[in-house]
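J.: Dumping what Swiss-Prot says about this protein:
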type	residues	note
COMPBIAS	542-580	compositional bias 'Acidic residues'
REGION	539-580	region 'Disordered'
REPEAT	50-83	repeat 'TPR 1'
REPEAT	107-140	repeat 'TPR 2'
REPEAT	141-175	repeat 'TPR 3'
REPEAT	253-286	repeat 'TPR 4'
REPEAT	321-354	repeat 'TPR 5'
REPEAT	356-388	repeat 'TPR 6'
REPEAT	390-421	repeat 'TPR 7'
REPEAT	422-456	repeat 'TPR 8'
REPEAT	458-490	repeat 'TPR 9'
REPEAT	491-523	repeat 'TPR 10'
Amino acid sequence: MIQQLPMVNVELMISNLRILVESKQFSSAEFLGNFVISVPNQQKTPHQNIISFSLFGDSLFGKNEFVRSLKYFKQSLDILFKVYNNPNNNNNNNNKQADFDNKQFEYELKYKISLCYIKINRNNLAISYLESIPFSSRGLDTHLTIARLYKDIGKEKSKECIISYKEVIKLCPLCLEAINSLKEMGENVDQVLIPSINKFQQKNNSFNSNNIIDLSWISLLSMSQYEMKRNQPEKSLILLKKVESKFSTNLYVLEKLALSYLYHDEPSIINTFNIFQKIRLLDPYYIGSMDIFCSLLKRRSLQFELNKVCNDLVASNPYCAETWTSVALFYFLKENVEKSLENVDRAISIKESHEFAHSLKGEILLSLDEPREALPSLERAFQLSKNILTARELVRCHLILNQMKEALVVAETINNLSPDYSKTMALLGMVLANQPEEREEARKILTKALTLSPHCTDTVLTLSKLNVVEGRFQEAIDILNSQLEYQETDLMHTEIAGVYLTKDYHEDAMIHYNSALEINPQYEPASRGIARLELIMKGIDPDQELDQENDDDDQEEGEGENDQEENDDDDNDDDDEYIS
């Protein structure tokens, strides 16, 4: 005899589904939820439909099926509107649940829908749903989520961003993310924070040691990041060193310290490099700014080390943008540009507001002699973060395109943000040095920058290149030698070798190329320089040799693009005379 199924108890099934979701048993919840939502509507009340679709959406969200969960959250919201928000629907009063707070449930659904849109990179739609929740009805999570989205958008929403972060602090005075973000924006956090702390401690009925909130240690850290946002790395560095003296193995502090050294006027790449290595020793799977570290590894042509970092990041953080920009750098070093672009696009798809990914994409496209294609990426990077690194690449692109006015605007913008910063002065000098009629002014600015910081690598390289262009050969050598005495690097030896090569001092050039390779045997610019020098010493014109190779490649591929390549190469040659 075939056993009959018992009567379906929808309310009990929904209760079981809620237990599974709250226990984070999402696979089991999806399995049960499929049965709940498939019960015919005649056997369910509209209220039960609202709850079951919402819980089913929760189970799918927990399984990272964001597009599917979005569908069911919206379905739940649609039914909610039909039942509770339709004033003409008087016949359905029996379908309403008296003790059900439909407005609060509506806001919770809108928040869940916004999270789905964030996960699938539809941030504008996410913001529209969050903004439809009345301000007074927004909870801590809603305020924090919308503040993050406003922050990603940038200046256009800065006022709303500040208001949202302040509401977060009112609700939770220990939200360090909100405190840091507000201080980075230059806001007086204490006006909100102190009353919020007092209210919190009074609410908890005592001032005993378990309830006292201590944020005295965060002030210096927040201020250091504010100085970084203002392009004042020296001030940031001083503050971070004080924090680091108390928390010497704090990974976040070490990361910010490494970045401060990177942006600093003095040649601090070695300090940056060493701090990142310390972070890797403490935690090889730490993700913060690891793509910046990988860019330093690429710059030094350290392929094995770069590969190791990429493997660790892919294994531990496959859903982070930094992972895929790091992988893109690895392929860029291997000259696999197609793979490099593929991975940098993957990084952008994960986090569109990651400025380094846009900057790297622009750099890759510039390497392909495609400055017009590179320009939007570099402009987006500069829009997201106005710092010397994003400005330098954008200026370089404008110069290649012979857009002197645009290059000058970018250089002046970054220089106005930090007028006493040698690197920004060097960038402005570089733009002016590209215009023969402005070279005298460029020299004044670069000389002032060098006085401000005698060992700023950007200034030294820019001024030495200007000296070479104007025929001041010995001055170029002297300034580079002075830098070399201060800090011996593979870069500086290679630069000096290049200057000697322009004057046909082959023996001196060879000495410095070899010295660069002694410091770093994998340093690609030095290897290329030696290869070029060896051709010259054999009486072979290396440029003619390269042109011949390009002609052969064009004939093999049947592409008639040689004239354009030559024009692009000419642009790059002019640009390379100034750009460090």
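Note that Cβ sites are derived from N, Cα and C of the backbone, with glycine treated the same way.
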J.: Do any residues, 6 or more residues outside the repeat 'TPR 4' (253-286), come within under 8 Å Cβ-to-Cβ of it, and if so which ones?
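T.: Same-chain residues near the repeat 'TPR 4' (253-286) but 6 or more away: 221, 224-225, 228, 231, 233-234, 236-237, 240-241, 243-244, 247, 292-293, 296, 309, 312-313, 315-317, 387-389, 421-423, 452-453, 455-457, 483, 486-487, 489.
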J.: Of the residues in the repeat 'TPR 10' (491-523), how many are helix, strand and coil by DSSP?
T.: 26 helix, 0 strand, 7 coil
J.: State the non-local partners of the repeat 'TPR 9' (458-490) in its own chain: residues 6+ outside its ends, Cβ under 8 Å from one of its Cβ atoms.
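T.: Contacts with the repeat 'TPR 9' (458-490): 267, 269-270, 300, 388, 392, 422-423, 425-427, 429-430, 433, 439, 442-443, 446-447, 449-450, 496, 499-500, 502-503, 515-517, 519-520, 523, 526, 577-580.
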J.: Treating G and I as helix alongside H, and B as strand alongside E, what does DSSP give for the repeat 'TPR 2' (107-140) in helix, strand and coil?
T.: 26 helix, 0 strand, 8 coil
J.: Could you name the stretch, out of 50-83, 321-354, 422-456, with the greatest number of CB pairs under 8 A to the repeat 'TPR 2' (107-140)?
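T.: Against the repeat 'TPR 2' (107-140), the leading stretch is 50-83.
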J.: Could you give the number of helix, strand and coil residues in the repeat 'TPR 3' (141-175) as assigned by DSSP?
T.: 30 helix, 0 strand, 5 coil
J.: So what's near the repeat 'TPR 1' (50-83) in sequence-distant terms, Cβ-Cβ under 8 Å and 6+ beyond its ends?
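T.: Here the qualifying positions are 10, 14, 17-18, 20-21, 24, 26-27, 29-30, 33-34, 36-37, 44, 89, 92, 95-96, 102, 105-106, 109-110, 112-113, 115-117, 119-120.
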